[in-house]
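Trainee: Next up is a structure, given as structure tokens.
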Ligand code: ADE
Ligand code: ZN
């Protein structure tokens, strides 16, 4: 037994990330660099000014800045560089498996071809697998503030790249855009063999979580914080072991919680929910995976055992094969015993 510090324990434990928007990893330095080479104007004259704008009172205030940042991405190389920078970063944090979202409509609506976006991201993910040993799944996320026709069109554009995309998701402005709006799109996506997830219960009500489960037939809920307002829903999620991909620093920055000390992750664990820790949009919310784990560990006084359980949950909730999951979980358990 090495008895290393809790910080080191978090840094070195091999972990998985299941809720990450690649556009949300766009660090200001890279954003300025890519804007310059593409001759794209940005509203802020310095990196410091841009960082200063990262103060949000709600999801929409964040999304406005997030979409504006993504506007400077034009070439395949831009999408490659964005994804590669993320992979290099998580490699330093011992993330060994990642399941990432990309938002094609954010780019195709600006005239960037679907294939430019996906090829850049895919090439970087493959390099990450081959050079850094990071396994991955790619999830196409529909923007829920746009209409059904736009989502259908995006799904159609994705079909030639089916082999590269494991599943579809649903993100963007939640309130007023319930999962049921995309019932037919998700049915078609399932028919085509995609796995499904959806953001629900971040700002929207528990009812949206029910809709995501019953109407979209998702296998995982992104966020899901507001399930706690509905005891029957909590029991249902626990019984069926439907994972929730929680994002503590995101919740703090978007005022879903006012303090990390109020974060419900442990309460949820105690209720038998399969909860996981993720970074959502790390360039905007002040931290990647390790900062998220460290934040809740300090705020909620988590033990190494609790951290280990959360890490194991992420592998359980991932889309790895049963055999791959078993291997990873065994590694995590051995790491816990040693440290
Ligand atoms: N897109 C990027 N991050 C998001 C979040 N936290 N919620 C909804 N849509 C998003
Ligand atoms: Zn998200």
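Sequential numbering from 1, following the chain as shown.
A Cβ is built for glycine as well, from the same backbone N, Cα and C atoms used for every other residue.
A quick note: this is a predicted structure, and the numbers were derived from the prediction, not measured.
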Trainee: Of the candidates 107, 145, 199, which does TrEMBL annotate as part of the Zn(2+) site that also includes 19, 21, 280?
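Mentor: Candidate in the recorded Zn(2+) site: 199.
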Trainee: Name the residues of the same chain, 6+ apart in sequence, whose Cβ is under 8 Å from the Cβ of residue 19 (Zn(2+) binding site)?
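Mentor: Counting only residues 6 or more apart in sequence, the Cβ neighbours of residue 19 (Zn(2+) binding site) under 8 Å are 99, 101, 222, 223, 245, 246, 247, 276, 278, 279, 280.
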Trainee: Could you list the residues of the same chain, at least six apart in sequence, whose Cβ is under 8 A from the Cβ of residue 199 (Zn(2+) binding site)?
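Mentor: Those within reach of residue 199 (Zn(2+) binding site), by Cβ under 8 Å and sequence separation of 6 or more, are 144, 169, 170, 171, 174, 221, 222, 223.
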Trainee: Given the recorded positions 21, 199, 223, 280, return the subset with CB under 6 A from an atom of ligand 1, ordered by sequence, or none if empty.
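Mentor: Going through 21, 199, 223, 280 in sequence order, those close to ligand 1 turn out to be 21, 199, 280.
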Trainee: Tell me which recorded positions (202, 223, 281) have a Cβ under 6 A from ligand 2; sequence order is fine.
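Mentor: What lies within reach of ligand 2, judged by Cβ under 6 Å, is none of the recorded positions.
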Trainee: For the domain 'Adenosine deaminase' (14-332), report the average pLDDT of the model, please.
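Mentor: Overall, the domain 'Adenosine deaminase' (14-332) comes to a mean pLDDT of 98.
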Trainee: For each of 202, 280, 281, count the other CB atoms within 10 A of its CB; which of these recorded positions has the top count?
Mentor: 280
